[in-house]
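A.B. asks: My questions all concern the structure below.
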Amino acid sequence: KLFSTKNISTIEKKKTELYQELGLQARDLRFQHLMSITTRNNRIIMRMEFLKAVITPEFLLILDYRNLNLEHWLFNELASQLAGEGQLVTYSLPFEFQAIEAILQYWISKLQGRLNTLQPQILETLEALVDPKLLSVDRSKLHILLQNGKSLSELETDLKVFKETILEILDEEELIEELCLTKWTDPRVFEESTSGIDHAEEMELLLENYYRQAEDLANEARELRVLIDDSESIIFINLDSHRNVMMRLNLQLTMGTFSLSLFGLIGVAFGMNLESSLEEDPRIFWLVTGIMFLGSGLIWRRLLSFLGRHLEPSLPPHVPAVLKKTQPAAGRMEIKSDLKAETFGLSRSTLTNH
């Protein structure tokens with residue numbers, strides 16, 4: 001797909017012919033599932049994983065777009081943007097600025113869409129998992145959280161690669177200069193640049209803008225990751241609390257059985273085939289039975305008191321104040337803060353029970 005400032009056309013050519021027309025080599029257009037922005041022979045080669053484009057001062061060439069399902073973006077968004085009907089901020093600059101901004105804008109919007117899809121799903125799943133009314137954990141919710149956590153990790157990786165790609169260019173002034181193709185091909189543009197309009201600074205500002213957007217998205221993804229880790233800790237504490245309750249109940253019943261068995265030896269002694277004068281008195285049966293139950297109850301009570309003294313939770317350690325983080329979005333941070341309040345409140349109650 002070939003885009004220029006005036007028209008759009010589709011071409012089909014062999015790779016060797018395309019190399020010769022563009023003045024590139026075979027390795028420049030080789031398929032590589034990575035992210036990079038390079039220049040070669042006054043051409044900009046942009047690889048955004050599956051999206052591969054070649055930019056010149058006159059046109060933008062998108063390679064192999066039919067296999068990537070990019071028709072909607074190419075015809076409905078990119079074409080109007082390059083025709084001056086979009087929302088680009090580089091319309092006053094040469095064509096290569098507009099092409100670079102359009103591709104970067106598409107990639108950032110794609111990453112933003114992935115985050116907007118994951119964020120409500122993760123928050124909803126975490127709210128259901130840390131609900132204090134639930135006595136058990138829904139395994140289906142855990143499976144959904146595991147899948148969302150995996151998707152979030154992939155998104156964090158893509159954001160990291162995108163940031164590193166732009167940062168490599170920002171750290172090299174020569175690379176920024178090479179991206180300004182028109183500055184070296186049109187002498188008039190070069191004269192305007194030397195008179196006050198520096199295209200290299202404009203390119204640097206353009207790249208910094210999308211680097212900052214990627215950094216904001218990375219911070220939001222990082223906050224979701226921290227929220228998932230905190231909620232997992234709360235879930236484990238909740239499960240440990242219920243497990244401790246069952247273990248304590250089992251221990252109490254064991255101590256009750258031990259107390260009855262200890263004083264049950266009196267009944268065993270009277271049940272032996274030995275004669276004494278006590279079995280002739282009808283009140284002895286009730287007296288011995290009362291002593292057995294009373295003694296068992298006292299022993300059990302003493303054991304429970306001993307258990308309570310040694311299993312009382314200690315005072316929680318002093319927790320220093322946590323520095324407040326920057327809030328990128330008020331509504332989103334409000335939901336997150338409410339969820340954190342519930343989770344930490346549950347953590348305190350479960351620790352007390354423990």
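Including glycine, each Cβ sits where the backbone N, Cα and C put it.
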A.B. asks: Identify the transmembrane segment range according to TrEMBL, selecting from 93-112, 253-272.
C.D. replies: 253-272
A.B. asks: Examine the ranges 25-59, 200-234 and name the one recorded by TrEMBL as coiled coil.
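C.D. replies: Result: 200-234 is the stretch TrEMBL calls coiled coil.
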A.B. asks: Over the span of the coiled coil (200-234), how high is the average pLDDT in this prediction?
C.D. replies: 90
